[in-house]
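See structure below.
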Amino acid sequence: MSAEANTTTPGIVITGASGRMGQMLIRTVLASDRVRLVGALDRSGHDWIGRDVGEAMGGSAVGVTVTDDPLEAFAKAQAVIDFTAPSATVEFAGLAAQARAVHVIGTTGLSADDIAAINRAAHHAVIVRAGNMSLGVNLLTLLTKKVAAALDADFDIEVIEYHHNRKVDAPSGTALMLGEAAAEGRGVTLEDVADRGRDGITGARGSGHIGFSAIRAGAIIGEHDVMFASQSERLILRHVAEDRSVFATGALKAAIWGQDKAPGAYNMLDVLGLND
Ligand SMILES: NC(=O)C1=CN([C@@H]2O[C@H](COP(=O)(O)OP(=O)(O)OC[C@H]3O[C@@H](n4cnc5c(N)ncnc54)[C@H](O)[C@@H]3O)[C@@H](O)[C@H]2O)C=CC1
Ligand SMILES: O=C(O)C1=N[C@H](C(=O)O)C[C@H](O)C1
């Protein structure tokens, strides 16, 4: 691994460096000749703070020391790639905007207030946020919207998501993206029709509802089904992430894409040129 300085390529800071996605992102940045790693951040008290991030990951030194000081780290960056936790991401959005760095946000489980705070920061800098950075899932949102628009309420829509047993939020960010796409296709607001938890005597399923189910088991990286079921047929659209590198590759693409964009809140459809 190497973090060679080349000032013509965007410098990237990875937050949550020790995490599942943080480590994948560091490997992806180090393997790219289009960006360079200029910082690695984790939370105060983490035992990686003060260590070379390459060594902390079990490899050779890369010349980047893990810090818990976001201000110091972001000052050197053209982009911050952030897959951490909601409270951290809201703080980082303000600090990345102050540093005029592109902020790529993969963190899920954000509340409406968190998103409003992030959108305020986007008045001053480029922020790209998506619950799933893979090409496949972003295409799936377009397919979902199209199918939902074509089928009437005789078809029940259910989003089923499968993740590893360490995931802390539900429904997944991806499931919510897919639910939003289905609701948009139907011309309704997701909040009005979402059915996010069934337990006990729930009554029969509401017509026009969009249901969510979350499986948490083992090491599953991320799988999503969107089911359209009538009394006589069933259509299932499915995405399977085989490897976390799909999310990291998408995030890196977003960091590079954002370099010459005007301040604002963007998503992966913007990055992929798929927004209508
Ligand atoms: N949008 C996408 O494509 C994807 C999004 N995710 C999301 O990314 C997030 C992280 O996922 P994982 O890497 O699996 O979790 P993880 O738990 O393995 O890693 C989270 C990391 O954030 C760090 N962290 C937490 N608070 C912090 C703070 N205040 N300052 C600095 N670092 C802090 C933790 O120490 C840890 O290193 C989750 O919200 C997950 O849903 C995950 C995969 C793909
Ligand atoms: O936590 C995860 O692991 C993942 N989170 C994202 C989500 O909430 O949809 C994306 C991916 O499915 C993996």
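Every residue gets a Cβ built from N, Cα and C, even glycine.
Here TrEMBL has Gly16, Ala17, Ser18, Gly19, Arg20, Met21, Gly106, Thr107, Thr108, Ala130, Gly131, Asn132, Met133 binding NAD(+), and the candidate from Asp42, Asp47, Asp154, Asp156 in that same listed site is Asp42.
Per DSSP, the domain 'Dihydrodipicolinate reductase N-terminal' (12-133) is made up of 45 helix, 26 strand, 51 coil.
Each of the binding-site residues Gly16, Gly173 was scored by the other Cβ atoms within 10 Å of its Cβ; the lowest score goes to Gly173. Checking the recorded positions His163, His164, Thr174 for a CB within less than 6 Å of any atom of ligand 1 leaves no residue at all.
Lys167 (active site, proton donor) sits 13 Å from Thr174 ((S)-2,3,4,5-tetrahydrodipicolinate binding site), taking the C-alpha atoms as the reference points.
Separating the Cα atoms of Ser18 (NAD(+) binding site) and Thr174 ((S)-2,3,4,5-tetrahydrodipicolinate binding site) is a whole-number distance of 23 Å.
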